[in-house]
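Record features, source TrEMBL:
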DOMAIN    5-181  domain 'Formyl transferase N-terminal'
BINDING   14, 15, 16  N(1)-(5-phospho-beta-D-ribosyl)glycinamide binding site
BINDING   64, 89, 90, 91, 92, 106  (6R)-10-formyltetrahydrofolate binding site
ACT_SITE  108  active site, proton donor
SITE      144  site 'Raises pKa of active site His'
Ligand code: GAR
């Protein structure tokens, strides 16, 4: 039986992208990186690992629908059935949501619903929170909303800096995301 194909969407550094593709026992093939930021570091990582890339600048499209329709066409063409958002800093619209209903998940560096949106690690740090964590969830039309699949918490220590906190949050992300992906994909085989 052929393996399930998935795409990772990312906009930046791509440490989660790399953690997914380097996971020992990933239950699906990462067949495409979709990136909305020409020049992003994650693109180099995909090239290094021999993963095809689709780099589309939304500014080149007349509307969000046109931009997402182009992505949907490419995903269908490539036989992709799952989408994993990993630092994709755009709100997913109706076109993608309808085409991949309940097949798009996201990772977010906080215990949602706390600290949605950008810079969630810094938000938790600046708020003086005693705990933060990581959430993996199905997406919907909101910002970092949608049914939660998994969460893991961590303590913010008084001597933490933003950097030490980020390192610990990302270590959880890199372990948790491949685990959740495997649970979902295997359930749907
Ligand atoms: C990750 O921490 C991810 O959880 C976060 O962006 C970072 C991307 O890092 N996503 C969000 O904040 C989504 N709202 P990476 O490019 O090194 O994987």
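Numbers here mean position along the shown chain, with the first residue as 1.
A Cβ is built for glycine as well, from the same backbone N, Cα and C atoms used for every other residue.
Bear in mind that the values here come from a model prediction, so they are computed numbers and not experimental data.
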Nearest recorded site to residue 90 ((6R)-10-formyltetrahydrofolate binding site) by CA-CA distance, among recorded positions 15, 108, 144:
144
Roughly how wide, in whole Å, is the group 64, 89, 90, 91, 92, 106 that binds (6R)-10-formyltetrahydrofolate, by largest Cα to Cα distance?
19
So if I take the recorded positions (14, 15, 64, 92, 108) and measure from each Cβ to the nearest atom of ligand 1, which come out below 6 Å?
14, 15, 108
Nonlocal residues around residue 91 ((6R)-10-formyltetrahydrofolate binding site), in sequence order (Cβ under 8 Å, 6 or more apart):
141, 143
Secondary structure of the residue listed as 'active site, proton donor' (DSSP, helix/strand/coil):
strand
I need the neighbours of the N(1)-(5-phospho-beta-D-ribosyl)glycinamide site defined by 14, 15, 16. Which other residues of that chain put their C-beta within 8 angstroms of the C-beta centroid, in sequence order?
10, 12, 13, 17, 18, 19, 42, 45, 86, 87, 174
Mind giving me a neighbour count for residue 64 ((6R)-10-formyltetrahydrofolate binding site)? Other Cβ atoms within 10 Å of its Cβ, every protein chain shown.
16
When you measure from the Cβ of residue 15 (N(1)-(5-phospho-beta-D-ribosyl)glycinamide binding site), which residues in the chain that are at least 6 apart have a Cβ under 8 Å away?
170, 173, 174
Spatially, and counting Cα to Cα, which of the recorded positions is closest to residue 108 (active site, proton donor)? Options: 14, 16, 64, 89, 144.
144
Taking every protein chain in this structure into account, which of the binding-site residues 89, 92 has the most other Cβ atoms within 10 Å of its Cβ?
92
Specify the count of other C-beta atoms within 10 Å of the C-beta of residue 144 (site 'Raises pKa of active site His').
21
Quick one: give me the count of other CB atoms within 10 A of the CB of residue 14 (N(1)-(5-phospho-beta-D-ribosyl)glycinamide binding site).
23
Around the Cβ of residue 106 ((6R)-10-formyltetrahydrofolate binding site), how many other Cβ atoms lie within 10 Å? Please give the count over every shown protein chain.
23
Of all the recorded positions given, namely 92, 106, 144, which is spatially nearest to residue 14 (N(1)-(5-phospho-beta-D-ribosyl)glycinamide binding site) at the Cα level?
106
